[in-house]
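What TrEMBL says about this one:
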| type | residues | note |
| --- | --- | --- |
| ACT_SITE | A:Thr188 | active site, nucleophile |
| BINDING | A:Thr151, A:Lys177, A:Thr188, A:Glu274, A:Asn396, A:Thr401 | substrate binding site |
2 protein chains.
Amino acid sequence: MFRENNAGVTFAKGFTAAGVKAGIKKSGKADIAVIYTEKAAVVAGTFTQNAVAAAPVHVSKAVVKSGTAFAIVANAGCANACTGQQGMDDANQMAAITAQELGVKPDDVIVASTGVIGVNLPMDKMEPGIKAAVKELNANGSVAAGNAIITTDTKSKACSLEIEISGKKVRLGAIAKGSGMIQPNMATMLCFITTDVAINQKLLQKALSEVVETSFNMISVDGDMSTNDMVVVMANGMAANVAITTENDDYKIFCDALDKICTGISQEIAKDGEGATKFLTIKVTGSPSFADAKTVAMSVAKSPLVKTAFFGQDANWGRVICAVGYAGVQMIPEQTVVKFGDITVFDKGMGAAFDQTALRDVMEAHDITISIDMGLGDEEATVWSCDLSYEYVKINGEYHT
Amino acid sequence: MFRENNAGVTFAKGFTAAGVKAGIKKSGKADIAVIYTEKAAVVAGTFTQNAVAAAPVHVSKAVVKSGTAFAIVANAGCANACTGQQGMDDANQMAAITAQELGVKPDDVIVASTGVIGVNLPMDKMEPGIKAAVKELNANGSVAAGNAIITTDTKSKACSLEIEISGKKVRLGAIAKGSGMIQPNMATMLCFITTDVAINQKLLQKALSEVVETSFNMISVDGDMSTNDMVVVMANGMAANVAITTENDDYKIFCDALDKICTGISQEIAKDGEGATKFLTIKVTGSPSFADAKTVAMSVAKSPLVKTAFFGQDANWGRVICAVGYAGVQMIPEQTVVKFGDITVFDKGMGAAFDQTALRDVMEAHDITISIDMGLGDEEATVWSCDLSYEYVKINGEYHT
């Protein structure tokens, strides 16, 4: 059963977590998180495709390549991006301090940072912060860890899920942050997933890479792709299921569970987009391919005119069909049908006659589904997004206000 | 000499124009424009690449294909897009009414519409409006015509230019509208250009198509591509220059003049972007190709995080380098240099040390140039854009306010 905002990364057996205040965030809120597994975990990850990848991304890629990990150390308030050799040294130092405190090796520690670009990490604050976090590691520490990685998020995103594999209870849990700078084609923002499933590293990476395509890569808040994003999963095998080493039924059960975790967290991120007042689900059907369907859905999700219309509760289907038309894939207006909720607003080349009152009810709801049937095939894709409000401008143009 | 907001489309010999109030705009302002040449003009055009092209786009493409035209009729307040067969009938009727009043053929009349999508033209208002506009055609009518095609623009865009070809004075002039739904890879918004140059249709089209690539296709306000956009140029030959029939020096002189007109008007459109408080010039140099340079510049121009930062006068170069990094073309942070105005803010992989006061002066100016040297080649591209303000959200989400 999928559960939101629950035990998170300490739900699976053998994992502990903590979050502490180290003085990195100007607000004084918690800003260093550590997640630890008592038994070595196989580890998989997907990372930002931004050419300007931050130092912690480089460090963590190497850890994933090594195949196993014992811990994740993360900070908010400083992205350690565009910081040159000093940034690499600092990221490695974060791993080294954490490793020493835990009695593991530095390349057993995943490193993540989020916050302002172009500023060096205050290592004088990082060191005591990491040490304090390790001391506070506990089996109920997921909420504290989740709160220590958020930035402009209004809340921490967390979830957990229990399934059964070869007669054994297997648990998965996750915490995530992400609100602005969110864009497809990548591992979006920070998400840490823990599980006690027994699985080999190759299949864990395969499962994650596939699931990310239909979850994290299907959300868009503002079309900006961060320099620091990563999704990391650690599997420590303590569920004692028959280890998954082939793509058998157990693998499929695990993939399905991982998908539920990632999709749920992705939707939470889109819902908590900077300044969001609406949660938009954009479902494109009748497409010749998943890629085409995704292109159309993203074109609609990223249109500032569509986003401001939904903020204004204005049923402006013209802006939606316009964004479909310029998406750059095959589109025949005379075969296209667009619905807001259950109400057809555009029907094969022309506006549809609809019940104004019923449509107003759809537009006034918080969750709105935009369905677009291309009439060209059998493939589909669903993207989750949000509206564009005054608050988004305020959050990101705050110097001015 | 290039002149802004001047004689516009009536600057060249033989052209008259008018703009009248027909009651199509809710505001009651002028909404029908007619431009006429007493001598048949060769005509060229570029049109929206949106798959959902409006009825007037289809009609006008056919006129351009015919090679010559006598007039342009345009209305604001209703886009006549997504209006099916009725829309095609109405667009053809606009041409027919105009042609009858002028004593020319319907396929001598370019038709353009801009405004709300999905609403049929009120032909009962269009017919008397067009007739009134034809009666008011005069040699000083460019301003009135310009005002009749604007929508959310704060002002009409117009310019004119006089050059000499084969010892003859040749004049060019233009009016344009465009403020929201502005996106590259197309003939952006409505722009009508008139000239008395003598040139054949093939070269006129070639000149326009080339110039559009580096002018209208290099601006971005919000990344949305309209269903109705067109740039049309009419050349009536009344300058009596030796007709341009090969790509000789005269052709180059004309292309250069057309480029000045189109670039000038494009910049005016970006400056008058919906809610704009800043005019941003994004110049990418050191690129392996024009296409790559343009991709990088557009990635920066379209980033909501970059746009809101400039609105807030926040010298947040991290958002700029982030948008460069996710543009999807080759980029090596250690070879990249970014300047705001004359001030280097990012220098080969890291933030640069800069004079905070001098940078503040740059950020507080209305016109700001962002220079990005990729360090990878000799090609370059320049894109013009604007910031993203509360006013943009207000204009496009006004239902809410």
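Glycine is treated like the rest: Cβ placed from N, Cα and C.
Note that TrEMBL annotation is computational and uncurated.
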For the binding-site residues listed here (A:Thr151, A:Asn396), which one has the lowest count of neighbouring CB atoms within 10 Å of its own CB?
A:Thr151
Which binding-site residues among A:Thr151, A:Lys177, A:Glu274, A:Asn396 have a Cβ sitting under 8 Å from any chain B Cβ?
A:Asn396
Using a 10 Å radius on the Cβ of A:Lys177 (substrate binding site), the other Cβ atoms enclosed count 26
Looking only at Cβ atoms, how many others are within 10 Å of the one on A:Glu274 (substrate binding site)?
27
